[in-house]
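As annotated by Swiss-Prot, topological domain 'Extracellular' applies to 1-52, 111-125, 191-220, 320-337. Look at Swiss-Prot and you will find 9-30, 389-405 tagged as compositional bias 'Polar residues'. The topological domain 'Cytoplasmic' annotation in Swiss-Prot covers 77-88, 148-168, 242-299, 358-424. Annotation comment: Swiss-Prot describes CYS124-CYS205 as disulfide bond, evidence class sequence analysis. Under the heading S-palmitoyl cysteine, Swiss-Prot lists CYS371, CYS372, citing experimental evidence as support. Marked as phosphoserine by Swiss-Prot: SER410.
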Amino acid sequence: MSFPRGSQDRSVGNSSPWWPLTTEGSNGSQEAARLGEGDSPLGDVRNEELAKLEIAVLAVIFVVAVLGNSSVLLALHRTPRKTSRMHLFIRHLSLADLAVAFFQVLPQLCWDITYRFRGPDWLCRVVKHLQVFAMFASAYMLVVMTADRYIAVCHPLKTLQQPARRSRLMIATSWVLSFILSTPQYFIFSVIEIEVNNGTKTQDCWATFIQPWGTRAYVTWMTSGVFVAPVVVLGTCYGFICYHIWRNIRGKTASSRHSKGDKGSGEAVGPFHKGLLVTPCVSSVKSISRAKIRTVKMTFVIVSAYILCWAPFFIVQMWSVWDENFIWTDSENPSITITALLASLNSCCNPWIYMFFSGHLLQDCVQSFPCCHSMAQKFAKDDSDSMSRRQTSYSNNRSPTNSTGMWKDSPKSSKSIRFIPVST
């Protein structure tokens, strides 16, 4: 993609019109470059083979994203279990992914079929606004979800202070902020008249930038707001989360070793309460930490998928505007075009990540369809067998109520402390 210098204010086309960041590309790069230089365009043509591939890829992404995220929303709606804060964030992240499917992928699919934008000026501006709005919403919903995990792990006492209200406020803020930050699209894109086919004129939805710095400023700002800033916040939150978990595990390991050493020497060391030595029971703490760590792992995988899917797209965007020798055409760089299209795979991956880490969501989703009742019964049987094994293990590990001395608590024990008789 080359941006000719010299004009103060120039209209340029949208790269494979769906992509809201790039200003020239697969559908308009040759025309825009030549129009900016004052030359005649080669004609209103495009690489039809690449266009067919784009249409096929976008169609698959759209169907998979809609089915996957709709299934998650249906499972969350029909689940008989009590919904948690994490379920609330998953619901809104699924809504953001559906926004990507309907506001990004679907317009691009229609645009690739028609080649030129078919619609009035207001529709051009609305489509461009919604495309960037979906990108902001998906990124910022990940940020607030990770921030919630940071608060739950590093500041657990704050989760007792109206957690539902705080979660809803965080989610509402991300939606509103995404809408506001995407409004400049209304003033950048519009339907303008362009010249093709040796004098023939047509209309398309293009962007207008002040040269030479307008394009670079726009792409750099969008990359920073949609990708760089969220990744920095996500990385910082996960740095604190990992440090807190590591410190917690190290403390438990040291406490366990200290306890074993005291048993071997026959010495009792610890705080006293009414003639009894009080020691923390690690089992119940482990069960709570295990649940938190599972949600942290799920959020980490979602964030990793977001970075892996979107990083190539933003790298190409920055490369295209800062390297004057970079040229993007349909026939010469089909791999770059497809790599950009695959960025929306992130919206397809998220539903399966939810179901993998929350097995009951898959079960509730299957139960929503009458044709899958046999599979749902299999899930229910597996859950019943698993619960039976846990109850058997619990009863075998418990000591009779009239026993004295020490015993090994079951991992599912609700006791948080144990009392060891100490001679006084």
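Every residue gets a Cβ built from N, Cα and C, even glycine.
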**Item:** Residue numbers, six or more beyond the limits of the topological domain 'Cytoplasmic' (148-168), whose CB comes under 8 Å of its CB atoms
**Value:** 85-86, 88-89, 237, 240-241, 244-245, 292, 295-296, 299
**Complete:** For the topological domain 'Cytoplasmic' (148-168), the DSSP helix/strand/coil residue counts are 18 helix, 0 strand, 3 coil
**Integer mean pLDDT for the topological domain 'Cytoplasmic' (148-168)** = 80
**Message:** What are the sequence-distant neighbours of CYS124 (disulfide bond), meaning same chain, six or more residues apart, C-beta distance under 8 angstroms?
**Reply:** PHE117, PHE189, SER190, VAL191, CYS205
